[in-house]
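Pulled from Swiss-Prot, these are the features on record:
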{"type": "TRANSMEM", "residues": "60-80", "note": "transmembrane segment"}
{"type": "TRANSMEM", "residues": "93-113", "note": "transmembrane segment"}
{"type": "TRANSMEM", "residues": "114-134", "note": "transmembrane segment"}
{"type": "TRANSMEM", "residues": "147-167", "note": "transmembrane segment"}
{"type": "TRANSMEM", "residues": "193-213", "note": "transmembrane segment"}
{"type": "TRANSMEM", "residues": "224-244", "note": "transmembrane segment"}
{"type": "TRANSMEM", "residues": "256-276", "note": "transmembrane segment"}
{"type": "TRANSMEM", "residues": "284-303", "note": "transmembrane segment"}
{"type": "TRANSMEM", "residues": "308-330", "note": "transmembrane segment"}
{"type": "TRANSMEM", "residues": "351-371", "note": "transmembrane segment"}
{"type": "TRANSMEM", "residues": "391-411", "note": "transmembrane segment"}
{"type": "TRANSMEM", "residues": "435-455", "note": "transmembrane segment"}
Amino acid sequence: MLKIIIPTIMLIPLTWMSKPNMIWINTTTYGLLISLISLFYLNQPNDNTLNSSLMFFSDSLSAPLLALTTWLLPLMLMASQHHLSKEPLTRKKLYISMLILLQLFLIMTFTASELIFFYILFEATLIPTLIIITRWGNQTERLNAGLYFLFYTLMGSLPLLVALLYIHNFMGSLNFLMIQYWIQPLPNSWSNIFLWLACMMAFMVKMPLYGLHLWLPKAHVEAPIAGSMVLAAVLLKLGGYGMMRITTLLNPLTNFMAYPFMMLSLWGMIMTSSICLRQTDLKSLIAYSSVSHMALVIVAVLIQTPWSYMGATALMIAHGLTSSMLFCLANSNYERIHSRTMILARGLQTLLPLMAAWWLLASLTNLALPPTINLIGELFVVMSSFSWSNITIILMGINIIITALYSLYMLITTQRGKYSHHIKNIKPSFTRENALMTLHLLPLLLLSLNPKIILGPIY
């Protein structure tokens, strides 16, 4: 595990010691090298886990998320160059250091083999994210967004700490590898119901569950581009990962406790998709679409069948790359037009034809067009939820239709129509931006050729 963690730590001195004109090039190329190392973890030759040390392990659930995390750092650096071009040098270096620190915490969170260690790192990811949002965001509302983000996450995860200490007290260990062999069924008592809620709430807030999702659109809209990318792509996946890890402890209570949360997710999925249809703000639309996709993952994890777990893992990876790409596209519009309102950015296809192609591809992957892995994940989730209850097929069908509607609405509003006069002399798309979009789309297309490497622990 150290062969990823130590190079990531060494990125920080690299940032501070590079020449001013070489900072971006050095950190990006080095970050890409680290992400290539992490691809080795995707090859899981045997059924049991890779125990790198007492603290770190990697299995077929954490490996895809680990690869996604390392892959995203160079992409964030590529996307942030324009945003930081006017900043003084030290502030640029601080920003890059924050991103590297966040990546370090995320890598360690996904590979921690002990639940308390996992919890500490899960909370540590909050600090760099908060600094990135509140220091480099665009509007003054970013402070409000940071407060929302901080308090929602902390209020959700403090009960988890108490619950973990309680579990540790009567189990004697919180190591993932030990827990598997100690599973005693939790009976339906009030104390166990509260234990279940305390364990799940932290991850439900992080996912976010409909009703606890108010921090997400705020944080996404106010964050700078790298903040939005890492929030959508990796931080939401922490919730799904934590849920998949901790549900094994809480059986058979989950079967009994999952109903209200399933209902809330299925209802919230349709509600947030419908909210997307009446958004004027581009970033806000993409943020709400993330909530609706993550609701599918919550449903899948709570059903607890092998198929639904496979669907949840595939959907998490697919959504990470897709939403990150959409945020990059929204940002490239914002850098030219200086507004997130979609109506002001209409008719861009005539001015930026290549960008329009990227918009089309990103929208199609977002609405889960075959043969992308978004479709594979959604199919698994839809099929497993149908076998859990037949009624869900109606809700899932409505959701898929609305998803297609808002994806195409986003595409048509920004790309078609007559462009307004204030955007006649905008800059053309840079090679950097085209490379960025390619690096988002390439993994999505390549994974559709061999989806089994991201189907998680069951496959």
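Cβ from N, Cα, C; glycine included.
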When counting Cβ pairs under 8 Å to the transmembrane segment (391-411), the leader among 114-134, 193-213, 284-303, 308-330: 284-303
Of 147-167, 193-213, 224-244, 308-330, whichever stretch has the most CB pairs under 8 A to the transmembrane segment (93-113): 224-244
Proximity of the transmembrane segment (256-276) to the transmembrane segment (193-213), 3+ C-beta pairs under 8 angstroms: yes
Dominant neighbour of the transmembrane segment (308-330) in 147-167, 193-213, 224-244, by Cβ pairs under 8 Å: 224-244
Selection from 147-167, 224-244, 284-303, the stretch that has most Cβ pairs under 8 A to the transmembrane segment (193-213): 147-167
